[in-house]
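Here the structure is laid out as structure tokens; the discussion comes afterwards.
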Amino acid sequence: MSTLRLLISDSYDPWFNLAVEECIFRQMPATQRVLFLWRNADTVVIGRAQNPWKECNTRRMEEDNVRLARRSSGGGAVFHDLGNTCFTFMAGKPEYDKTISTSIVLNALNALGVSAEASGRNDLVVKTAEGDRKVSGSAYRETKDRGFHHGTLLLNSDLSRLANYLNPDKKKLAAKGITSVRSRVTNLTELLPGITHEQVCEAITEAFFAHYGERVEAEIISPDKTPDLPNFAETFARQSSWEWNFGQAPAFSHLLDERFTWGGVELHFDVEKGHITRAQVFTDSLNPAPLEALAGRLQGCLYRADMLQQECEALLVDFPEQEKELRELSAWMAGAVR
């Protein structure tokens, strides 16, 4: 029986694809070597321990119908569209070795006519007239008896959209001498005009087979039929939930302030697991009572725009004469936390 397994997803749903990845990783025999190929429609994928409100422009994402997906590996936030090819290599220990999977991807690129090399811990770069440019980034996850390496290859991604949805870490950029995320990446189509997702998948597959000296039939994973994977429904429900994608953010504090015609407002929130654990409201309004009441209502509230609006508008019952102020406050809060 072959120790290789090849899976290809025809879904563009990031929650579906990450749920498939998680299920395969959890139930695969430790003797198996797996290659999973996939891609996502417009999505910001964040690392397991990242704060989406800090890393992403969540308001712009909502306006543009861009999804947020939290992966189970570490690392930073990335933007995916259909111009990215995603790959995941899995293996049991002690065989799991990310240098092997990296070499498979490099061999695939070489077969396509692209000379690339590994750079740092996570990137693959190509040399251009403007200097080294990143074409691939990766992240990793290990458990006691297995590990995986997953990453993306930029084929013809809309690089102008990176800045729309990601808030770059200025300290990180300064430490690396980088002026912007956009300036240091390039698409493979700049080197191979017309290259397609299917061609890249075929090249990676052939390099995978060549390395292990075996061939297997591909298993096509489709959203039209629930994958025959243990606990898939539960894993997908978790992967697509607000509690996982937003609620798993590390504890953080958020200060919001605004000046209205009726006074200035400062909101101080402490947030843990997506819930407000402490809310303080400061104002120079001539009638601070509704804002003082709001602070109490927000304690324990989900840190989600619709929930904040709901709590604010509930005060209209007790403070009908402040309807204008409360509706202005509600709309501002909802926009500020998206």
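Start at 1 and count along the chain as shown; that gives each residue its number.
Cβ from N, Cα, C; glycine included.
Listed features, source Swiss-Prot:
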{"type": "BINDING", "residues": "R71, G76, A77, V78, F79, K134", "note": "ATP binding site"}
{"type": "BINDING", "residues": "K134", "note": "(R)-lipoate binding site"}
{"type": "DOMAIN", "residues": "29-216", "note": "domain 'BPL/LPL catalytic'"}
Reported mean pLDDT - the domain 'BPL/LPL catalytic' (29-216): 88
All-chain count of other Cβ atoms within 10 Å of F79 (ATP binding site): 24
Conformational class of R71 (ATP binding site) under the three-state DSSP mapping: coil
